[in-house]
Amino acid sequence: MPSIKLLVWCCLCVISPRLCHSEKLFHSRDRSDLQPSAIEQAELVKDMLSAQQFLAKYGWTQPVIWDPSSTNENEPLKDFSLMQEGVCNPRQEVAEPTKSPQFIDALKKFQKLNNLPVTGTLDDATINAMNKPRCGVPDNQMAKKETEKPTAAQSLENKTKDSENVTQQNPDPPKIRRKRFLDMLMYSNKYREEQEALQKSTGKVFTKKLLKWRMIGEGYSNQLSINEQRYVFRLAFRMWSEVMPLDFEEDNTSPLSQIDIKLGFGRGRHLGCSRAFDGSGQEFAHAWFLGDIHFDDDEHFTAPSSEHGISLLKVAAHEIGHVLGLSHIHRVGSIMQPNYIPQDSGFELDLSDRRAIQNLYGSCEGPFDTAFDWIYKEKNQYGELVVRYNTYFFRNSWYWMYENRSNRTRYGDPLAIANGWHGIPVQNIDAFVHVWTWTRDASYFFKGTQYWRYDSENDKAYAEDAQGKSYPRLISEGFPGIPSPINAAYFDRRRQYIYFFRDSQVFAFDINRNRVAPDFPKRILDFFPAVAANNHPKGNIDVAYYSYTYSSLFLFKGKEFWKVVSDKDRRQNPSLPYNGLFPRRAISQQWFDICNVHPSLLKI
């Protein structure tokens, strides 16, 4: 009797998956206890036939339909009952690749973009270029509007109609094997996810400002710990976030349908994907626009600190570029090159990568709390004392160092104010002033009704002044006659005045007499007249920034700035008004790539 009950239970498990505690489609199990399977080696290009297959596969012969839902004609047949004996047809002569104009033309295009001699012949240099490790995404893809194949929605609709017809003709539904049930479930899930992705996009880019990503549970690699894998992916997403107005957040709790980008590792036929990996040595990974990223676990991926193997960080950054909408860029230094170029862990996104992604998503914009040039003295290699400066931008609780020679922020910024500037308020600084003369050298941060003096040598705020008075101090005590809170401030070395901005007024504070200068305050509109009519911030300035790079003063308000007419400008054009304001411009047009990152990525 017990054996009969056991048999019935087993049958129910096969027929009804819900009765069984089966393994989830996506789970979080660490597979480090499993023995890795033998690594397969990718087939190399070595002759005309394999070269022809390579050119066709990557879109050089003609653009390729790159669609995760496309069927793979080479997929092994699962139902052998459908096999039929083939019909014998007369043998047809196949043209040799070397005589095909299409093959020669494709070969020439490949050679040209890979900086090879354009010969149209399959020489050793061309074969070597084809055998370089690369991304699995085709170099030339067919535009969606050019494809005539049914979409995933149409395919699923047709499958549904066929199923309805069968149900109507056969009242008793056929028994579905459990494997086929899972296949249909995964297909419908993928269709739903694709439809949601279409709703998120305009057809070209994500329209959401916050994208969520996740490593799918089945797709962890055996080669690195789970924490190492997640760290690398967080860093790769941060690299893109530093140069574009999108945030990325790892989300391991929301339903899978709400995840924008899913990442995973696999070998050969993997993760329900229609594109099989080829083994070690050639394709490292592939990705889909607004979709998933898969990594070939036959490859030897390593952490950024390793000098050996394949940098998972570099491959991940490349594939994320595809998901965001970038194609391959045939430019030395670009992360979007199709071929993997071994490089140290210090690589960063090239100018071409940054401009390409900003062409899709726009540049980073936003107001700032303060901006300033930090002046300091140090000895050079000859022991001589030299004066240098670094440029900083503050926003909320973050700061960026701006590298003026490269016209971009320092790689790895922003950083938390609390970590870089010790003893001052950790967010929403109102202004910074550096009083720098032959006899004085003092730096001040202002917030609310108080100010802090900063010790640049010890990199922290002073606890007290020379008279033993503690910091922070009231602005009204240290700068008599100046109201608080202030909007912005800067120091004019020529006149030795600190100019404080509050609402629609500007105050000139004489540092030698420790008082407000005569005839002040004045209206900002009068003290800084507009060069062009009706083009003036009028009041509530965010930042007053004197730049030593441009030898000019800039007034920031919101996302825009006004450059103050300099002495050099007046020498070139005497008709310009003294302290006049040139017409507004976007801050992002003068200072590039000052981008926020998601708080979860701030500590990387």
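From the backbone N, Cα and C atoms, a Cβ is placed for every residue, glycine too.
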*With Swiss-Prot as the source, identify the stretch among 21-28, 133-140, 261-268 annotated motif 'Cysteine switch'.*
133-140
*Looking at Swiss-Prot, which of C88, C595 bridges to C364 via a disulfide?*
C595
*Which one of N158, N252 gets the tag N-linked glycosylation site in Swiss-Prot?*
N158
_Return the average pLDDT for the motif 'Cysteine switch' (133-140) as a whole number._
71
*Find, for the listed binding-site residues H318, H322, the residue with the lowest Cβ contact count at a 10 Å cut-off, counting only other Cβ atoms.*
H322
*Using DSSP, what's the helix, strand and coil tally for the repeat 'Hemopexin 2' (426-482)?*
4 helix, 25 strand, 28 coil
